[in-house]
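Per TrEMBL, the features are:
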- 16-266: domain 'Nodulin-like' (DOMAIN)
- 324-536: domain 'NFD4 C-terminal' (DOMAIN)
- 81-99: transmembrane segment (TRANSMEM)
- 111-137: transmembrane segment (TRANSMEM)
- 149-171: transmembrane segment (TRANSMEM)
- 177-196: transmembrane segment (TRANSMEM)
- 217-234: transmembrane segment (TRANSMEM)
- 246-271: transmembrane segment (TRANSMEM)
- 337-358: transmembrane segment (TRANSMEM)
- 370-392: transmembrane segment (TRANSMEM)
- 404-424: transmembrane segment (TRANSMEM)
- 430-450: transmembrane segment (TRANSMEM)
- 462-487: transmembrane segment (TRANSMEM)
- 507-530: transmembrane segment (TRANSMEM)
Amino acid sequence: MVAAALDAMAGTRWGRWLGLVTAVWVQCISGNNYTFSNYSDALKTLMGLTQLQLNGLSVAKDVGKAFGLLAGLASDRVPTWLLLAIGSLEGLLGYGAQWMVVSGTVAPLPYWQMCVFLCLGGNSTTWMNTAVLVTCIRNFRRSRGPVSGLLKGYVGLSTAVFTDICSALFADNPASFLVMLAVVPAAVCALAMVFLREGPAGGAAGATADEAEDGRCFAAINSLAVAIALYLLAADLTGVGGGGGVVSGVFVAVLLVLIASPGAVPALLAWKSWMKARKAANADLEEAESLDAAAAPLLVAAKAAGMSEEDKARAPGERPRLGEEHTIAEALTSLDFWLMFASFLMGVGTGLAVMNNLGQMGVAMGYDDVSLFVSMTSIWGFFGRIASGTISEHFIRTRAIPRPLWNAASQVLMAVGYIVMALAMPGSLFIGSVVVGACYGVRLAVTVPTASELFGLKYYGLIYNILILNLPLGSFLFSGLLAGLLYDAEATAVPGGGNTCVGAHCYRLVFLIMAVACVVGVGLDVLLCVRTKRVYAKIHESKRASRSAAAQRVS
């Protein structure tokens with residue numbers, strides 16, 4: 001009976017927004033996979049690892065994402081709550097084992113066992129991300145860009161949230177940090193299991209009449225997210241949040257209030273819904289009938305505008321066109337899918353190499369503490385994610401500009417960022433971490449809705465996780481092999497095992513090769529833009545017709 005009530009709630013407009021807000025909270029804690037630099041030095045020292053071996057652990061963490069295919073397969077077969085439960089359990093085991101090693105609770109485990117536990121931790125986020133992305137994009141089909149940017153934006157903030165809270169409460173203690181990574185996601189997922197559910201297609205979230213108010217709701221939650229990012233940025237630059245004491249406690253309390261504040265949006269919508277229901281109950285039958293009559297032309301116009309997402313009939317054996325529903329086999333035999341896959345690899349693969357090696361990059365360039373750079377990468381990754389989702393949606397609606405164009409632009413900037421870091425000028429690591437973080441965020445936020453627009457939503461969970469294979473593949477190629485081998489070639493051995501390297505030469509060739517990879521990615525993205533112009537022209541026309549129908553109703 002409780003389950004039926006919750007499913008009924010998910011079919012209401014405010015219930016879908018409540019689900020989106022709980023998804024936002026899940027994303028706030030699901031970026032733990034990007035925090036490896038915060039405790040990698042502790043693992044390297046305890047286990048006496050070379051840089052290549054340490055990078056092998058980071059690759060194992062990212063290989064966990066390869067098993068996200070299981071989450072993709074399960075997303076069309078099991079409920080959202082079960083996906084979240086599996087992810088939170090894996091995270092509890094994976095990060096819990098790492099905490100036991102770093103805290104000294106157990107002796108350092110064999111290398112292969114540590115690889116297994118890091119893989120578990122990495123895989124945990126694929127279940128969480130699949131659950132929230134698939135459910136929310138299906139619940140908000142006509143707002144895929146803003147939904148993707150919002151959810152991926154909060155993932156970008158999660159690294160800074162974890163890092164700054166740990167710095168404020170536990171003085172950057174790596175063992176305490178790992179406790180947070182294990183316990184907090186499990187607690188948040190438990191809440192989301194109750195409220196995040198898929199509503200019926202074509203419900204309140206997809207109605208043309210509600211699009212204007214949906215836009216205001218997205219703007220409100222985006223504004224709150226920007227406030228969180230600016231708050232974290234100010235704390236990082238001033239050092240207010242660190243050092244413990246009363247000030248640090250106040251910093252954490254305010255941060256938690258800001259994170260909880262999006263809950264005001266579904267609360268306000270629920271109150272409006274309740275007030276509307278009261279008025280409707282007091283209205284006479286004639287008024288209700290007149291409202292129905294007024295709504296009828298809107299429904300007809302909406303259908304004419306392309307609201308229906310059903311595919312046109314095709315001859316037997318005919319391939320679907322871009323923008324129509326694809327099976328997995330049809331998507332995997334499409335040139336456009338592999339263009340997207342390869343360009344995604346160039347962007348996220350090189351970005352992961354920086355994130356996984358920030359600790360050692362900081363040491364090589366003379367920094368004792370790299371937590372600022374980790375936090376900057378996270379915060380600017382947020383700005384890249386949340387801005388690109390909204391901006392790309394705006395230009396589709398107004399000018400029919402293909403979404404992949406923004407990926408091309410981000411790769412140009414990313415190449416510039418790598419060249420700046422290769423020059424090793426004063427402040428270059430700071431500038432590079434900002435640029436790489438922002439551009440990495442753009443790649444994730446833009447590619448997620450693009451895949452659904454080109455290949456449909458029916459098998460979106462699996463298609464998304466096939467694209468995410470780029471994370472372990474990119475980590476292996478650019479972080480595990482490229483950065484690990486070239487660093488070790490420049491490093492010197494230290495007593496007790498392991499090695500170290502100090503100086504700009506340690507990563508210069510790595511940065512230059514990654515800049516070239518980004519240039520290749522630009523070419524692939526431009527080609528994809530050309531091939532998808534027809535799809536985005538059609539989406540543009542559909543949105544324009546939808547707005548015209550709404551305007552006719554108002555007039």
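Cβ coordinates are placed from backbone N, Cα and C, and glycine is handled just like the others.
Residues 336, 339-340, 342-343, 345-347, 349-350, 353, 357, 361, 364, 402, 404-405, 407-408, 411-412, 414-416, 418-419, 421-422, 424, 478, 482-483, 486-487 of the same chain, all 6+ positions outside the transmembrane segment (507-530), place their C-beta atoms under 8 angstroms from a C-beta of that stretch.
Beyond its flanks by at least six residues, the transmembrane segment (370-392) meets 31, 34-35, 37-38, 145-150, 152-160, 163-164, 167, 172, 218, 222, 225-226, 229, 232-233, 236, 354-355, 358-359, 361-363, 401, 403, 406, 410, 429-430, 433-442, 444-446, 449 of its own chain at Cβ-Cβ distances under 8 Å. Recorded stretches compared: 149-171, 177-196, 217-234, 337-358, 462-487; the one with the most Cβ pairs under 8 Å to the transmembrane segment (430-450) is 337-358. By the Cβ criterion (distance under 8 Å, sequence gap of 6 or more), the transmembrane segment (462-487) is not counted as touching the transmembrane segment (246-271), fewer than 3 such pairs being found. Distant neighbours of the transmembrane segment (246-271): 13-15, 17-18, 20-21, 24-25, 28, 161, 164-165, 168-169, 217, 220-221, 224-225, 227-228, 231-232, 235, 240; these residues of the same chain sit at least 6 beyond its ends, with a Cβ under 8 Å from one of its Cβ atoms. Within its own chain, the transmembrane segment (177-196) is flanked in space by residues 6, 9, 15, 18-19, 22-23, 25-26, 28-30, 32, 35, 38-39, 80-81, 84-85, 87-89, 91-92, 94-96, 98-99, 102-103, 121, 124, 128, 131-132, 135-136, 162-163, 165-166, 170, which lie at least six positions past its ends and keep a Cβ under 8 Å from the stretch.
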